[in-house]
Amino acid sequence: MDQAHIRNFCIIAHIDHGKSTLADRLIERCGAVRGAAREQMLDTMDIERERGITIKMTAVRLSYKARDGGVYELNLIDTPGHVDFTYEVSRSLAACEGALLVVDASQGVEAQTIANASLAMTQNLEIVPVINKIDLPHADVARAREEIEHAVAIDASGAVLCSAKTGEGIEEILEAIVHRMPPPSGRPDAPLRALIFDSHFDSYQGAVAYVRVVDGSVRARQKIRMMATGSQFEVDSVGVFRPSLEVGAALETGQVGFLTAAMKTIGDAAVGDTVTDAERPATLPLHGYRRAKPMVYCGMYPSDTDHYEDLRDAIEKLKLNDAALHFDPETSVALGFGFRCGFLGLLHMDITRERLEREFELNLILTAPSVDYVVHRTDGSTLHVANPSLMPPPTEIASIEEPTVSASIMVPTEYVGAAMTLCQERRGIYRRSEYPSPLRVILHYTLPLAEILLDFFDKLKSSTRGYASFDYELSDNIQTDLVKVDILLNGEAVDALSFVVHRQFAYGRGKAMVEQLRKVVPRQQYEVRIQAAIGAKIISAESVKPYRKNVTAKCYGGDVTRKRKLLEKQKEGKKRMKQIGSVELPQEAFLSVLKVGD
Amino acid sequence: MNPLAVYVHIPFCPSKCGYCDFNSYAMQGEIVERTARAIIREIRESPWAGRPAKTIFFGGGTPTFIPAPLLVEVLNAVTDTHPPLPNAEITTEANPGTVDASKLETLRAGGFNRVSLGAQSFDDGDLVRLGRVHRAGEIERAVRAAHEASFDNLNLDLMFGLPDQSRAAWRANLARAISLEPEHLSLYCLTIEPNTPFYKLHLRGELPLPDDEQQVAFYEDCLERAAAAGYEAYEISNFAQPGRECRHNLCYWRAEEYAGYGPGAVGAVRDPALGVRVRTTNLKHPERYACAIEAGGPAAYESEPLDSATLQTERVMLGLRLAEGIEVDGLDEGALSRLARRGWIERDTGRVRLTRAGRLFCNDAVVELI
């Protein structure tokens, strides 16, 4: 296939604007999947389906006979739809020449629409606006068009109108892809350069790299080198996505497909890395490689300490398929042996936990998430602290830096006040506002990363009746006045419950945390005193009264099975409890800090 | 053949009490006799026919809600099917408001030798609130009538921890019960069961129940006053004069076999075909139960084979309720020593039993041991 008949494109949209449905229609129309269309074909993992989001992107090759009579190879590259995965989005965009910018005709432009569109523009993609859901009764095409022009700053006069639901406009979209998006323009004779934009791990073939061939070509038996990591492999197979993997002879310049090369870990096929020919290497890699950097850390411990090895094996297995997951062994006085794990965001953390529990049948205790603090000590040394319990005593700290994000929040004008108040409460620094349309404002803030980890987005949504959208990217560290708050149970500090907070909020958070714990700590045979402390100073205290009896009054022949099942259930519940000193804590106690509102 | 305990469930009550989650119905008319006939048929067609009865117990509901001759007919079906061992304990539960001397005489003559009276409280305010149909005065009359009918083995059921009940009120109740000199006392802490009117009230915060602390104090009163009057606390909620323990209920707590007849009745009998004990539960609703029996089908809608691990769990759960305790064999030593450290159990001669302190945490002890 010559490059002139190849189009590589992606679909960018705000969540729920119909990206997956549109992808399904395009796939259907081009006959890539025969028989009954499976809804939202690109989202393959169960958890993705349940949550209605795309975590793991994939690609599909479509064959389209255009109105001009030519047959085109269209590669649709899917992108993840959540702020946690911004870097992965940028790599999949880099594999394309064009992007369909999908805007819901009833919702208009939202924060992610803009964030992803500006990413696409930085990659010099040809953006074709698509106004979707025009079948809805409250669709407002004119307003959507206006917002695209104002907020995204692209010409929306040629926006394609469609309804992915009814199939209207699908043909026009395919024509726009063929005629408005440029073909790839790589050099077929140059040394191989292929961008890895995604990967997955297969237990038989090792890491499967999803590549976009930029220059040259790649085929089986070829020796290749990863330019960032320097490792070399021999290609086992190459092929394309239909959307299942289909082995072929070669991937030529401009094409999108996969390659396997007995790569033992997903790190061997690092997203963003450039594949080149080992014997005839390119001089320069494709630009934009970045090592996936965790934003959030938490401790993960098996609730049964005997399962430490199982947990390690399970995390290692997940890591095979998730280059962004970081982990190091750590120990906790309260919880024993476990791991400090790094994630791209809370969603990533949650999905990882869910997969470990579901796929590996582990019972886990997660400690409160923390960011990576940089601590300058009085002795001049510098320390990274991602585990609050390892924060040095105040006397040894000269200063602490914490990571921040630049956040953009789009809200209808009537909610600007509410959104700004929330940002202020979360120690936000106001940067500027934009007015993409008369009814909408984009607020730009610098916010401490730690502040948005908690319930920021939920709070934002509730204070704006769900209208706000939110996007962020990591920014610089700033110096802050932070303190560590310890939580004591019956006088003993529980390291896994410590958290770091701005001094100004220490009292309020400490109190809220103690109250939350009082709600989740079950009554025990002894009184449980719960205290929050900064150093030796107690800032809040509560207690859980003991229960004085736990006995069934009546138990006769007819009750036996039911009573037995109740006790068996209690036994199961007890297994999920963690004995901390004399106190039994349920798993959720360790995540109490997440539930602490202000 | 091995003897077993026989339970017969009479699922009718004059009205349904607010705390009750038993299988009982405030029904009248033709269904009552029809159900009794179905029970008789179920008993006569029992797969366990021929196995002697160690004990027989008629519970409910209110067995005495149905005419005494009919109840005796049901008993005859039982004794025909399960010849009672000599001196077998044959109990019927009774509501003090549904018995009189002649009824009790008929029952005594028909073969019953023990009566368990649902007294619950000697305070009419309590009785009204609980939804009971009888009044305090009727309890004493019923006891006298039972004695006149030459019943010499009586139980009184009492409840404590009632809404707004004070400790003094409970002590007064207890004293009055003891003054009637029943051979046996069942003293239950009111338990709020799901799917009862009390449960709904409780959720709405409209049931001013004594707290844990007070309930424990009420229970201490049971232990002390009963002991002082010569009753032995042979089970968590059951007290008896020496030799007057309820032998039928002991079968449950010792995890022995029992057959169950009647709507919603539960049995646990070794099935010779399967080689394991099977717990069966009959259809609960009288109408559906009667239809099933009349159609010649089985009355059971649920059956649960009890493997040895499950049986062991039940032995622990039930046996720990008894003052005699359970055999130590097969129990986890680690768990035993944890419980001993808390002062909840004591051991001797190969048995383990709950201490007085341990009784209050019986469920925790069981959870440790299973």
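Just so you know, glycine gets a Cβ as well, placed from its N, Cα and C.
Quick caveat, the model's predicted, so the values are computed rather than measured.
So that you can see what the record holds, here are the features copied from TrEMBL:
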| type | residues | note |
| --- | --- | --- |
| BINDING | A:ASP16, A:HIS17, A:GLY18, A:LYS19, A:SER20, A:THR21, A:ASN132, A:LYS133, A:ILE134, A:ASP135 | GTP binding site |
| DOMAIN | A:4-185 | domain 'Tr-type G' |
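Overlay of TrEMBL feature records on the structure.
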residue  : record           : CB count, 10 Å
A:ASP16  : GTP binding site : 15
A:GLY18  : GTP binding site : 24
A:SER20  : GTP binding site : 24
A:ASN132 : GTP binding site : 29
A:ILE134 : GTP binding site : 20
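For the GTP site listed in the record, the two most distant Cα atoms among A:ASP16, A:HIS17, A:GLY18, A:LYS19, A:SER20, A:THR21, A:ASN132, A:LYS133, A:ILE134, A:ASP135 lie 17 Å apart. Annotation note: A:ASN132 (GTP binding site) sits in a strand segment as assigned by DSSP. The average pLDDT for the domain 'Tr-type G' (A:4-185) in the predicted structure is 81.
Mapped onto three states, the DSSP output places A:SER20 (GTP binding site) in helix.
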